[in-house]
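Novice: One structure is given below, represented as structure tokens, and several questions about it will come after.
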Amino acid sequence: MSKNYLFTSESVSEGHPDKLADQISDAILDEILKQDKNARVACETLVKTGMALVAGEITTSAWVDIKELVRNVITETGYDNASKGIDGRTCSVINAIDKQSRDITQGVDRGSLEDLGAGDQGLMFGFATNETPTLMPSAIYYSHLLMRKQAELRKSGKLAWLRPDAKAQVTLAYENDKPKFIDTIVLSTQHNESISQKELHDAVIEEIVKKVIPNELITKDTKYHINPTGVFLIGGPQGDCGLTGRKIIVDTYGGAAHHGGGAFSGKDPSKVDRSGAYMGRYIAKNIVAAGLADKCEVQVAYAIGVAKPVSLMVNTFGTGKITDNQIEKLVAEVFDLRVGKIIENLDLLRPIYRKTSNYGHFGRELPEFTWEKIDKADILKSAARI
């Protein structure tokens, strides 16, 4: 790749139909974990006009009122009137949940957490870069900020015409592999009929874009596409069917890193699609925070029923202060990559997952997001002797 290029990432709001589905799946997981930390949960959701379908495999001693929970999530997300695409108070909720297969259980559950086998085979990636304060790629970082601001203004009532469904996309210009300025911002937001297109355009620029995008990244040539199709009245599940796990690039690094293909939401941490990816981020972020590299990608892979990973790879894209092989050896010494130890060390058996389902699983330094800590950075730096 040329050192001078344009790179684009997108984010979506919590009212986007796919994100509504993710929230429902993770809310169900949280309610189960509150009662049963040893539950096995794989929960998928589909939302469409006037209905939500919840399906999957769950083995637990907990009891959850699925229908009530689903309706609450839909309403809390802002869908409290059929004119918005779905009404959480009156929508149909279909429950098609079954138990986890005994064949999987016998290979995964081993008694002690330390011996827990991976819930499935798979490969996961973690990534970090020193482009932004939270060590996330710039395009996804700013895309998330735009969507969080849209939600804030909608919920506060400051822009009362905003509705829950929205998307943002940011294109950054890189020079010598460093982000220099924003080339293009695309933002589409659902709205009610009371606002004109000019008023909407001006309000989005002034109250959303200018509030979160640093002035130094905007140039006279920066292009804006605000609701470029014109009217955006029909949104949410009415405009598009929503499904759990369809925003995996929004959930991670905006396309700036590889993705193993596995979604996160609705899965308990015995599923390495989730816990392995969280561990990958934890490792990569600590490597960059330690100054071992400016940019780092970590791959781990697992076999179903096996506690230890089958492979580990570190790639610093030529930015490492020591070799990638040396960093791999340090990772193996500092981080325990057994599935049960990941769950234990990152404290993943807590009801924290609905918070992860919007605005990215990575890059938000909330107390619950233990994989965002950089508590291993000094250990890595000392071991690397740099």
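Placed from the backbone N, Cα and C atoms, the Cβ positions cover glycine too.
As the structure is a computational prediction, the values presented were derived from the model and not from experiment.
Pasting the relevant annotations from Swiss-Prot:
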{"type": "BINDING", "residues": "His16, Asp165, Ala166, Lys167, Asp240, Arg246, Lys247, Ala263, Lys267", "note": "ATP binding site"}
{"type": "BINDING", "residues": "Asp18", "note": "Mg(2+) binding site"}
{"type": "BINDING", "residues": "Glu44", "note": "K(+) binding site"}
{"type": "BINDING", "residues": "Glu57, Gln100, Asp240, Lys271", "note": "L-methionine binding site"}
{"type": "REGION", "residues": "100-110", "note": "region 'Flexible loop'"}
Novice: For Glu57 (L-methionine binding site), find which of the binding-site residues His16, Glu44, Asp240, Lys247 come within 10 Å, Cα to Cα.
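Specialist: Final answer, ordered: Glu44.
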Novice: Same chain only, sequence gap of 6 or more: which residues have a CB within under 8 Å of the CB of Gln100 (L-methionine binding site)?
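Specialist: Within the chain, Gln100 (L-methionine binding site) has Cβ neighbours under 8 Å at Arg40, Ala42, Glu57, Ile58, Thr59.
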Novice: Please report the number of other Cβ atoms within 10 Å of the Cβ of the residue listed as 'K(+) binding site'.
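Specialist: Around the residue listed as 'K(+) binding site', other Cβ atoms within 10 Å: 21.
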Novice: With DSSP assignments reduced to helix, strand and coil, which class does Glu44 (K(+) binding site) get?
Specialist: strand
Novice: Would you mind reading off the Cα separation of Lys271 (L-methionine binding site) from Asp240 (ATP binding site), to the nearest angstrom?
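Specialist: Just about 28 Å between their Cα atoms.
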Novice: Using the alpha carbons only, what distance in Å do you get between Lys267 (ATP binding site) and the residue listed as 'K(+) binding site' once rounded?
Specialist: 9
Novice: Among Glu44, Ala166, Lys247, these being the binding-site residues, pick the one whose CA is nearest to that of the residue listed as 'Mg(2+) binding site'.
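Specialist: That would be Lys247, nearest by Cα distance.
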Novice: Among the binding-site residues listed here, His16, Lys247, Lys271, which has the most company in the form of other Cβ atoms within 10 Å of its Cβ?
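Specialist: It comes out as His16.
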Novice: May I ask which residues of the same chain, at least 6 positions away in sequence, place their Cβ under 8 angstroms from the Cβ of Asp240 (ATP binding site)?
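Specialist: Asp240 (ATP binding site) has long-range Cβ partners Pro17, Asp18.
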Novice: Just to verify a number: CA distance, Lys247 (ATP binding site) to the residue listed as 'K(+) binding site', in angstrom, no decimals.
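Specialist: Each residue's Cα considered, Lys247 (ATP binding site) and the residue listed as 'K(+) binding site' end up 13 Å apart.
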Novice: Do me a favour and check the Cα-Cα span between His16 (ATP binding site) and Glu44 (K(+) binding site); whole Å is fine.
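Specialist: Cα to Cα, His16 (ATP binding site) and Glu44 (K(+) binding site) are separated by 16 Å.
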Novice: Just going by other Cβ atoms within 10 Å, which of the binding-site residues Asp18, Glu57, Lys267 has the emptiest spot?
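Specialist: Checked Asp18, Glu57, Lys267; of these binding-site residues, fewest Cβ neighbours within 10 Å: Glu57.
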Novice: Which residues, sitting 6 or more apart from Ala166 (ATP binding site) on the same chain, put a CB under 8 Å from its CB?
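Specialist: When sequence neighbours closer than 6 are ignored, Ala166 (ATP binding site) has Val12, Ser13, Gly15, His16, Met147, Gln150, Ala151, Leu187, Ser188, Thr189, Gln190 within Cβ distance under 8 Å.
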Novice: Within the region 'Flexible loop' (100-110), what mean pLDDT does the predicted structure show?
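Specialist: Residues in the region 'Flexible loop' (100-110) carry a mean pLDDT of 58 in this prediction.
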Novice: What does DSSP assign Lys247 (ATP binding site), in three states?
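Specialist: DSSP call for Lys247 (ATP binding site): coil, neither helix nor strand.
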